[in-house]
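K.L.:
Quick paste of what TrEMBL says about this protein:
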TRANSMEM  21-40  transmembrane segment
TRANSMEM  52-76  transmembrane segment
TRANSMEM  88-108  transmembrane segment
TRANSMEM  114-130  transmembrane segment
TRANSMEM  142-162  transmembrane segment
TRANSMEM  168-188  transmembrane segment
């Protein structure tokens with residue numbers, strides 16, 4: 001009987017480990033792919049002064065999201081995981097609300113690095129709508145979205161003092177740093193599950 005309880009606890013820890021590790025891996029994959037992608041778009045945009053490059057670049061993000069999701073799924077074993085009620089809708093709301101606000105603000109003011117603050121706000125919503133309930137239910141052991149959102153939102157005002165274009169480049173650099181930090185933090189927290 002004791003062996004069954006030990007095996008059950010090991011299986012639970014393994015599920016939590018994989019889910020927490022997949023969040024860390026997600027930050028590393030999304031950060032690397034999106035960072036490289038936007039560096040290319042910014043480079044091309046600096047050669048050809050056309051808004052169509054950035055419009056096309058923005059539309060190109062859609063297939064990248066699916067590519068990143070596929071890559072993350074390939075890095076984590078195909079174990080069935082518990083889902084929150086309306087989890088898909090929670091993800092959509094977390095990004096749609098800040099993006100809609102950014103479109104309204106962007107139509108009133110020219111702030112090239114607004115995307116960075118918007119992403120930080122989205123991550124904060126992800127924390128409250130998805131990450132926090134997962135932590136409270138014992139399904140994950142890290143809060144990488146909270147960490148990244150706090151770092152991004154605290155650093156965003158400093159970007160506003162930079163000249164246009166430079167603010168976006170600095171934002172991209174900070175974004176890559178904070179994605180890496182959040183990813184490694186989640187992986188470290190996942191690894192600690194088996195030393196507790």
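Glycine is no exception: its Cβ is also placed from the backbone N, Cα and C atoms.
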K.L.:
Residues sitting near the transmembrane segment (88-108): Cβ under 8 Å, six or more positions beyond its termini, same chain?
P.N.:
114-115, 117-119, 121-123, 125-126, 129-130
K.L.:
Below 8 angstroms Cβ to Cβ, which residues of this chain, lying six or more residues outside the transmembrane segment (52-76), approach it?
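P.N.:
Hits for the transmembrane segment (52-76): 18, 21-22, 25-26, 29-30, 33-34, 37-38, 41, 44-45.
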